[in-house]
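See structure below.
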Amino acid sequence: MLHLITPLLLLLARFSMAIDISDEHFSAYPRMKELIGSHLVSRTEETPPSTKKITWYLKITDSGSGSPKDDTFPSECPKDSQLCGLTEISLPNRDPVITEVFSFSNKLTPQFDVNTSSFIVNLRGANWGAYTLDAEIEFVCASDDNAEGLKLVKFDYSTVSLQYKTSSACKSNETPPKDGKNKAPKDDDSNSWGVFTWLFILLVIVMASYIIAQAWINANRVGSSHEFLNELVESIVETLTKLPEFLREIANKLFTSGSRGGYSAV
C-alpha cells in the first residue's frame, strides 16, 4: 500500500506548485535551477503624510529535486502562496501597517507563452475579495552585465506584470543578446566581394560575346574557318588594347560624379 501512496503524494505535490521548474515547459532552460527559492521586488510611493510600499514575493520551486530550497514568505502571506503581494502604509513615528494582501495560490494552473528571447508564465483567477487578479511573469534571457533581477512592470489591481532579466532564463543553446537587443549581424567583406565578383564575371561574359560576335561577322564575309580564327585573335587583341582606356573612362566618371555629389549649397 505504501508504494502506491508515495507516488500519489509526489504527484499531488507537483500539481500544488505552479512555478515548478521540473515542469516539462522548463526543460529547455536548464539554468532555471539557479533561481529556485524566493525573490522579491518593492515599489514605494509618497502619499503624504504617509508612505505606501508594495512588495511582491515570487517563489520558484523544483518538486523533482531531492533537496528543494524553500525560502519562506512573510507570515502575512497565506501558506499556499507562490506569488504574494503586500501593501504597507507607514506614518511618521508609527509602525508600518499591512493594508492589502494579494495571494496567488499554488493550486492555480500556470499557462506558458514562449517568445524569441523570453518566456511568460501566466497565473489567472486569483481571488481578492470581490475582484479577480491575473499575473504575468516574464523571464527574459539577458547577459550577466544586463541582468536586472525581478522587476515590477505594472500593477493596476487587475493584473500584475513582473519581469525577470537573467542569464538563467536562456535556453541551453542560446547566447544572451548584448545590450538586451538581438542585433543584426554586420556585413562582412565576403558579401561585398561577392558582388564585385559577379560584376567581373558579367563583364567577362559581355566582352567574350562581343569578341566572338565581331569575329564571326568578319569571318562570314570571307567564308573560311582559318580566317575566322584570325579574326577572333585580332578581335581579342583589339579589345584588350582598348580595355585600359575603357576602364579609365569609367573610373573618371565614377570619381568625378562622386566628388561633385559630396557637397550641397547653403
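Each Cβ is built from the backbone N, Cα and C atoms, and glycine gets one as well.
Among C84, C170, the one Swiss-Prot lists as the disulfide partner of C141 is C170. Across the fold, the C-alpha of C141 (disulfide bond) and the C-alpha of C84 (disulfide bond) stand 24 Å from each other.
Cβ-based neighbour count (10 Å, all protein chains) for C141 (disulfide bond) stands at 25.
Applying an 8 A CB threshold to same-chain residues 6+ apart, the list for C84 (disulfide bond) reads W56, Y57, F73, P74, C77, P78, V101, F102, S103, F104. Least packed by the Cβ count within 10 Å, out of the disulfide-bonded residues C77, C170, is C77.
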